[in-house]
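Q: Shown below is the structure under consideration.
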């Protein structure tokens, strides 16, 4: 995942490239991780192709679908980076976690992770404004203004994600430069002091701040949306008592994708924070466990989108026939 990994101590979870790999648990987790990422790549790739074809045919795309295709594209690229990085660290478990190869992979990972979180947040904000049955003048005004803001919102998200990745890259590069100056000795006390300080304060602060802001925005607006939908559902069921079962099922189907979106997003955010806060060497079981948990969360949501979005569902049925 992020750059805060430690290899000061040599673990024997699995051996270095060229030697026999003995830890079956690590191998199993690695296979599960790669398979999960491949499923996510296929799911997000299908969303990109379906919406991209619609964009080409109609020469336009709704604001909602622009957000959706941006989220799918960021997740697609993120899963490809995750596969590449984890294949590299699986084959080179004792490599220095700030070497040039991992620096480049971390730069892409930091950018795409931040972009994915921001796009999810913007999608949640969009859902709230367009779907919520709130009558406050601000919400009524936003309903008409929001579609025109979507391109600028996406550009702002890309800008914030770029800032996150650049700040993290600066810290990564400082650690590697210090490591190179001291003769590539990861156990050097002075070098480790700088490294541990940056890992403990600099990286954690940047990531938690940059990830928490969009998560708070997402949580606030999705909470407003759920409250609005529950109130609307209660009023509808009371007014139409003879159709109560039919309406209850319809509302439940509408709420289910939103609830899954919220649960998966919050789960992924918490897992990212917890994994970033722990300095886990690449060789250890915990590193691979965190990876599997994080990316299982990101695998499920594209499937939910495919099953709940009418346009994508029709395209998927045509493709299967």
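First residue shown is number 1, and so on along the chain.
Every residue, even glycine, has its Cβ placed from backbone N, Cα and C.
Per Swiss-Prot, the features are:
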type	residues	note
TOPO_DOM	1-28	topological domain 'Extracellular'
TRANSMEM	29-49	transmembrane segment
TOPO_DOM	50-75	topological domain 'Cytoplasmic'
TRANSMEM	76-96	transmembrane segment
TOPO_DOM	97-106	topological domain 'Extracellular'
TRANSMEM	107-127	transmembrane segment
TOPO_DOM	128-149	topological domain 'Cytoplasmic'
TRANSMEM	150-170	transmembrane segment
TOPO_DOM	171-207	topological domain 'Extracellular'
CARBOHYD	188	N-linked glycosylation site
TRANSMEM	208-228	transmembrane segment
TOPO_DOM	229-253	topological domain 'Cytoplasmic'
TRANSMEM	254-274	transmembrane segment
TOPO_DOM	275-286	topological domain 'Extracellular'
TRANSMEM	287-307	transmembrane segment
TOPO_DOM	308-321	topological domain 'Cytoplasmic'
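Could you tell me the structural context for the features on the list?
A: Residues 40, 44, 112, 115-116, 119-120, 122-123, 126, 130, 146-147, 150-151, 154, 298, 302, 305, 309, 311-312, 315-316 of the same chain, all 6+ positions outside the topological domain 'Cytoplasmic' (50-75), place their C-beta atoms under 8 angstroms from a C-beta of that stretch.
Mapped onto DSSP classes, the topological domain 'Cytoplasmic' (128-149) shows 17 helix, 0 strand, 5 coil.
With a cut-off of 8 Å between Cβ atoms, the residues of this chain six or more beyond the transmembrane segment (150-170) that come close are 2-3, 63, 66-67, 70, 103, 106-108, 110-112, 114-115, 118-119, 121-122, 126, 203, 206-207, 210, 214.
Proximity of distant same-chain residues to the transmembrane segment (208-228), defined by a Cβ-Cβ separation under 8 Å and at least 6 residues beyond the stretch ends, is recorded for 113-114, 117-118, 120-122, 124-125, 127-129, 131-134, 157, 160, 163-164, 255, 258-259, 261-262, 265-266, 269, 272-273, 276.
Within the model, the topological domain 'Cytoplasmic' (229-253) carries an average pLDDT of 61.
Outside the transmembrane segment (254-274), and at least 6 residues removed from its termini, the chain residues within Cβ reach (under 8 Å) are 1, 113, 117, 120, 123-124, 127, 207-208, 211, 215, 218-219, 222, 225-226, 229, 233, 290, 293-294, 297-298, 300-301, 304-305, 308.
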Q: Cβ under 8 Å to the transmembrane segment (29-49), counting only same-chain residues 6 or more beyond its ends: which ones?
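A: Answer is 68-69, 72-73, 75-76, 79-80, 82-83, 86-87, 90, 285, 288-289, 291-292, 295-296, 298-299, 302-303, 305-306, 312, 316, 319.
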Q: Hey, which bits of the same chain come close to the topological domain 'Cytoplasmic' (128-149), Cβ under 8 Å, at least six residues off its ends?
A: 62-64, 221-222, 224-225, 228-229, 231-232
